[in-house]
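Participant: The structure that follows is given in the form of C-alpha cells.
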Amino acid sequence: MSTSEACPAFAPFFGFAGAASAMILSAVGAAYGTAKAGIGIAGIIAVYGLVVSVLVSNDLNPDGDYSLFAGFVHLAAGLSTGFAGLSGGYAIGVVGDACVRGYLYQPKMFVGMVLILIFAEVLGLYGLIVSLILNTKATSDCT
C-alpha cells in the first residue's frame with residue numbers, strides 16, 4: 001500500500017461513505033414513498049442505490065492504490081444517488097397519497113396520477129445517471 005499525498009491512508013473512507021450513503025438514503029426515500037403512498041413504484045429507487053453501491057464497492061481497494069480523487073468521486077456519486085433517491089421517494093409519497101385520495105372522488109385522474117408518479121420516479125433515475133457518469137471518471141492513479 002503506497003501512502004502519498006495523492007493516496008493517503010484515509011482515502012477509502014470517502015469511497016465507503018459514498019457507497020453507504022447511496023444505499024441508506026435511497027432506501028429511506030423508497031421506504032417513505034412506499035409507506036406514505038402504499039404504491040410499490042417507490043421500491044425501485046432503492047435498487048438505484050444498490051446499483052451505485054455495488055459499482056463503488058467494486059472500485060474500492062483499501063489494501064492497494066486508492067487515490068483521494070477516487071474517494072471524493074465515489075462520495076459524490078453516492079451522495080447524488082442517495083439524495084436523488086431520498087427526494088424521489090418523498091415526492092412519490094406525497095403525490096401518491098394525494099392522488100390516491102383524489103382518485104376516490106374522481107376516477108378520471110388515474111392517468112394523470114400515473115404520469116406524476118413517473119415524473120417523481122425520474123428524480124431517482126437522474127441521480128443514478130449522474131453517479132454512473134461520475135463513476136467512469138474515478139481513477140485510482142497514485143503517481
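Counting begins at 1 with the first residue displayed.
Any Cβ shown, glycine's included, is placed from N, Cα and C.
Pulled these from TrEMBL:
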type     : residues : note
TRANSMEM : 12-32    : transmembrane segment
TRANSMEM : 38-56    : transmembrane segment
TRANSMEM : 68-90    : transmembrane segment
DOMAIN   : 75-134   : domain 'V-ATPase proteolipid subunit C-like'
TRANSMEM : 110-134  : transmembrane segment
Participant: If you run through the domain 'V-ATPase proteolipid subunit C-like' (75-134) with DSSP, how many residues end up as helix, strand and coil?
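Facilitator: When I sort the residues of the domain 'V-ATPase proteolipid subunit C-like' (75-134) into the three classes, I find 59 helix, 0 strand, 1 coil.
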Participant: What same-chain residues lie close to the transmembrane segment (68-90): Cβ under 8 Å, and 6 or more beyond its ends?
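Facilitator: Contacts of the transmembrane segment (68-90) (Cβ under 8 Å, skipping residues fewer than 6 from its ends): 6-8, 11-15, 17-34, 42, 45-46, 48-49, 52-53, 55-56, 59-60, 120-128, 130-132, 134-135, 137-140.
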Participant: Can you tell me which parts of the same chain pack against the transmembrane segment (12-32), counting only residues 6+ beyond its ends and a CB-CB cutoff under 8 A?
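Facilitator: For the transmembrane segment (12-32), the list is 42-46, 48-50, 52-53, 56-57, 59-62, 66, 68, 70-72, 74-79, 81-90, 93, 124, 127, 131.
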Participant: Counting only residues 6+ away from its ends, which parts of the chain sit with a Cβ under 8 Å from the transmembrane segment (110-134)?
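Facilitator: Cβ under 8 Å, 6 or more out: 22, 26, 29, 39, 41-42, 44-45, 48, 51-52, 55, 73-74, 76-78, 80-85, 87-89, 91-92, 95-96, 99-100, 102-103.
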